[in-house]
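To start, the structure under review is shown below, and the notes come after it.
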Amino acid sequence: MGACFSDMEGGKQGVGGLGEAANAQNDAVDFFYRSQGFHQMFTQVELSLSASSLVDRDIASKSDPMVVVFAKKRDGKCEELGRTEVIMNCLNPVWIEKISVAFQFEIVQPLEFHVYDIDTKYHGVPTKTLKLGDQDFLGMASCTLSEIVTKPSRRLTLRLQNKSGNGGLRNLGAITVHAEETVASRSVVEMVLRCSRLDNKDVFSKSDPFLRISRMVESGGYIPICKTEVINDNLNPKWRPVYLGGHKFGSKENPLLIECFDFNSSGDHVLIGKMQKSVADLEKLYKERTGANFVISSKSDRKEKVLKGQLFVDQYCEKERLSFIDYISNGFELNFMVAVDFTASNGNPQLSDSLHYIDPHGRLNSYQKAIMEVGEVIQFYDSDKRFPAWGFGGKIPGGTISHCFNLNGSPGGSEVAGVEGIMNAYGSALRSVTLSGPTLFGPVINMTAQIAGQSLTSHNHTMYYVLLIITDGVVTDLQETINALVKASDLPLSILIVGVGNADFTSMEVLDADNGRRLESSTGRLATRDIVQFVSMREVQSGQVSVVQALLEELPEQFLSFMRSRDVKPQPRASNFPQASTSTMQ
């Protein structure tokens, strides 16, 4: 990985599926993905569909229903995801054909379900070739994928409506959607790998070997998915267990590139040997108790030379892991919190060049965009949708400069109702709070840490907190902020920081441990885990990824790393569906 591992301590650590955090965030690999333009990892789910009390459009028999599932894009256009089979003469169908969709936590994924009665003359025709305009429309329903996966049993029933958005006087029936993760998304392969008789690449000592495993992509290149730790001065190394998630390698037959390097502190690691093996091949090596020889390309004739060094698989087993969806569908919640920068560097809110300017025509400023976009995603994972909201760096009524004041102006509590409540409190605060300074994060982080700490006993580990800090400048109390973050790293808390405006945020990136180095407090204590994600809105907007995607892509793994560190597991709860309203049955 070149200079990615140039730091001696950080570089010798394994990344990507090692140790107890079998699927912990792999910053080095994820950076490679983003820099190469590849999409973030996702969880593949399958949607199972059934319906009840459908309208009968046929005269001599019952309707022959089929469902078409669409993903609604941000521009309003619909992209077809798939179609079920046609079920003959049935008003209460249970379709067998599943619809596959990638669940991405960091974006809102609206879905539409259109039910059609397929005309008799098209029976036997492949469903993919059917022209929907030639079929009778029975009804449609819509929801987001988040609404489905957060329900008990991951099941949601929706009333069917006509295309105008209502059912009229007639009952059009209902459709039920059930989401289930695919086996590949849930499976984990655990292996203990060792090598023997490796070539020595060092002059005065033995090689310091590590393995890097990459998977092939359609373009023919390779993307790294795992790296073992470095074992010093050893030509017969045995590494700690490696955990490969099925979502990373896909099919067990997919080719993987396994490379063995001699570690160099300069980052210029020397290739000892390589081989191409699938997970199925590695399983076979384990069962047959045999090794596989490394090869290396000859510089002279470009042929591959077979080396005496071999790779062995000492242990191999396949497991199922608990996923983010397992937790959120069994009562675990994300509690959204916001802190807004009220320092004077934002500019006079009355002037149009201010970062806090409220446009009378409804155009959102950067603070409003961040609140809306992040809140829009996280609100689905909070049942009561009451969000604490604070300001910092402002002079509140009475003349006191506060670095953690309630955004709603109430002395009794910081919570507001929904994302709209945050937006209203923010607008109101701009009229009553004078911008001041300096930029201090410590008080707000300590406040959220106190709330998160109290929840460990009152909510039985089922609540996880997400603090969004929006700021226009570099933090003044950097060491105090680091101390607060290190202390909070043991708590059910993640902190998202958005930098707005044109300030140089380079020094802020130290708070986001994406370089693989954990934060260290002034007393020498290391952070238990990375809980911060920093994004400069200016830099993100110039790329292809939205601010909310860049902010939230690490959140599910931060959530899982905390739950695994505390050995917290979801307890399945019984489904309970009250009678439906006119739109949904939940």
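Backbone N, Cα and C atoms are what each Cβ position is placed from, and that goes for glycine too.
The feature domain 'C2' is assigned by TrEMBL to 23-158 (among others). Assigned with DSSP, the residues of the domain 'C2' (23-158) fall into helix, strand and coil as follows: 26 helix, 51 strand, 59 coil.
The DSSP breakdown of the domain 'C2' (171-295), given as helix, strand and coil counts, is 18 helix, 58 strand, 49 coil. Here TrEMBL flags 171-295 (among others) as domain 'C2'.
If you look up TrEMBL, you'll see 335-555 marked as domain 'VWFA'.
The region 'Disordered' feature in TrEMBL is assigned to 566-586.
The annotation compositional bias 'Polar residues' is assigned in TrEMBL to 573-586.
For the domain 'VWFA' (335-555), the mean pLDDT of the prediction comes to 90.
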